[in-house]
Structure formats: C-alpha cells, structure tokens
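These notes are about the structure you will find just below.
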Amino acid sequence: SISCGESCVYIPCTVTALVGCTCKDKVCYLN
C-alpha cells in the first residue's frame, strides 16, 4: 500500500479519497 499522506484519525480521507485512497490504520492509503 502507498501512503497518501493524509491522516484519517478524526475525519475520513477527503482530498485523497477522490483519487481512490481509503482509510487504514488511521492513515489514508492507496490500494
């Protein structure tokens, strides 16, 4: 998995979610 550089501890992935990133272990990851 590639880290998208966005945290999702308090809020879900926002900008990175648009490119397909999902929350895993409090960090947004691609795939």
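The chain as shown is numbered from 1 upward.
Backbone N, Cα and C define each Cβ position, glycine as well.
Here's what Swiss-Prot has on this protein:
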type	residues	note
DISULFID	Cys4-Cys21	disulfide bond
DISULFID	Cys8-Cys23	disulfide bond
DISULFID	Cys13-Cys28	disulfide bond
Rounded Cα-Cα span from Cys4 (disulfide bond) to Cys23 (disulfide bond), Å: 10
Listed disulfide-bonded residues Cys8, Cys13, Cys28, filtered to Cα within 10 Å of Cys21 (disulfide bond): Cys13, Cys28
Spatial separation of Cys28 (disulfide bond) from Cys8 (disulfide bond) - C-alpha basis, Å: 6
Same-chain residues at least 6 apart in sequence whose Cβ lies under 8 Å from Cys4 (disulfide bond): Cys13, Thr16, Val19, Cys21, Val27, Cys28, Tyr29, Leu30
All-chain count of other Cβ atoms within 10 Å of Cys13 (disulfide bond): 20
